[in-house]
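Student: Attaching a single structure in structure tokens format; questions to follow.
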């Protein structure tokens with residue numbers, strides 16, 4: 001009994017530390033807190049790892065750059081592609097849960113964050129006709145002395161740079177993201193994430209590489225309830 005209690009305490013403590021801390025990037029807070037005046041990334045306004053003034057860079061379309069990283073080296077992103085790129089940027093900069101997937105060798109980075117297949121496919125569809133000159137947006141740029149990014153190669157369409165949504169999700173941000181085998185225990189960068197994160201945070205480190213069938217069933221059940229509730233709310237507003 002004592003061993004169980006000690007083990008349970010250790011699991012809860014570890015989960016709590018990850019849940020209520022932020023990544024250690026230049027723009028990250030030490031701990032998440034409310035940011036009611038966010039202009040973008042409002043999904044995380046109740047508990048944010050970024051300050052509201054950071055989101056000013058994302059508030060106006062087209063987005064030119066974030067800090068010293070230019071988004072328009074191959075022309076302005078289409079609005080649909082930009083919207084998905086913002087979702088990823090917002091998660092990394094502002095999500096209070098990103099630190100759950102903190103990179104073991106780089107505390108400002110993330111590793112193997114599970115994205116839903118549908119999200120990756122939609123992201124690819126939104127960006128396939130846009131152009132890029134790097135495959136890995138974290139590592140493949142040429143950086144000048146001022147820390148500004150430049151292309152090393154010619155610009156080509158996303159549809160040529162990446163084979164499909166899976167390839168794009170698992171390549172563009174290096175090893176930051178992976179496509180989940182589950183359609184529920186994964187992130188879509190919307191309000192449904194709060195439900196999925198509840199189950200993802202409860203997974204032990206030993207189970208992190210595989211999907212727990214009991215958690216999958218519980219998540220799917222919650223997802224159905226969530227979607228039914230949203231449909232009912234939509235009907236009431238018509």
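Note: Cβ is positioned from N, Cα and C throughout, glycine not excepted.
According to Swiss-Prot, the protein carries these features:
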type	residues	note
DISULFID	22-49	disulfide bond
DISULFID	41-90	disulfide bond
DISULFID	50-94	disulfide bond
DISULFID	74-155	disulfide bond
DISULFID	81-127	disulfide bond
DISULFID	116-186	disulfide bond
DISULFID	120-169	disulfide bond
DISULFID	133-151	disulfide bond
DISULFID	184-219	disulfide bond
CARBOHYD	53	N-linked glycosylation site
CARBOHYD	67	N-linked glycosylation site
CARBOHYD	105	N-linked glycosylation site
CARBOHYD	164	N-linked glycosylation site
MOD_RES	204	phosphoserine
MOD_RES	205	phosphoserine
MOD_RES	208	phosphoserine
MOD_RES	209	phosphoserine
MOD_RES	210	phosphoserine
MOD_RES	212	phosphoserine
MOD_RES	213	phosphoserine
MOD_RES	214	phosphoserine
SIGNAL	1-17	signal peptide
Student: Name the residue among the disulfide-bonded residues 22, 50, 81, 155, 186 whose Cβ has the smallest number of other Cβ atoms within 10 Å.
Tutor: 155
Student: Nearest to residue 116 (disulfide bond) by Cα distance: which of the recorded positions 22, 74, 164 is it?
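Tutor: Sorting the recorded positions by distance from residue 116 (disulfide bond), the top entry is 164.
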Student: Just name the most isolated of the disulfide-bonded residues 41, 74, 90, 116, 151, going by other Cβ atoms within 10 Å of its Cβ.
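Tutor: Looking at the disulfide-bonded residues 41, 74, 90, 116, 151, the Cβ with the fewest others within 10 Å is that of 151.
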Student: If you measure from the C-alpha of residue 155 (disulfide bond), which of the disulfide-bonded residues 22, 50, 133, 219 fall inside 10 Å?
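Tutor: Among 22, 50, 133, 219, the ones whose Cα sits within 10 Å of that of residue 155 (disulfide bond) are 133.
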Student: Based on Cβ atoms within 10 Å, give me the single least packed residue among the disulfide-bonded residues 49, 169.
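Tutor: Counting other Cβ atoms within 10 Å of each of the disulfide-bonded residues 49, 169 gives the minimum at 169.
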Student: Quick check: of the disulfide-bonded residues listed here (49, 50, 120, 184), which one has the Cα closest to that of residue 81 (disulfide bond)?
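Tutor: Answer for the nearest of the disulfide-bonded residues: 120.
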Student: Sorry to bug you, but what's the C-alpha spacing from residue 90 (disulfide bond) to residue 120 (disulfide bond), rounded to the closest Å?
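Tutor: With the alpha carbons as reference points, the distance is 16 Å.
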Student: For each of the disulfide-bonded residues (94, 120, 127, 133, 219), count the other CB atoms lying within 10 A of its CB, then report the residue with the highest count.
Tutor: 94
Student: In the structure shown, which of the glycosylation sites 53, 67, 105 has the fewest other Cβ atoms within 10 Å?
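Tutor: If we count Cβ atoms within 10 Å for the glycosylation sites 53, 67, 105, the smallest count is at 105.
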Student: Within 10 Å of residue 22 (disulfide bond) (Cα to Cα), which of the recorded positions 41, 53, 94, 184, 219 do you find?
Tutor: 94
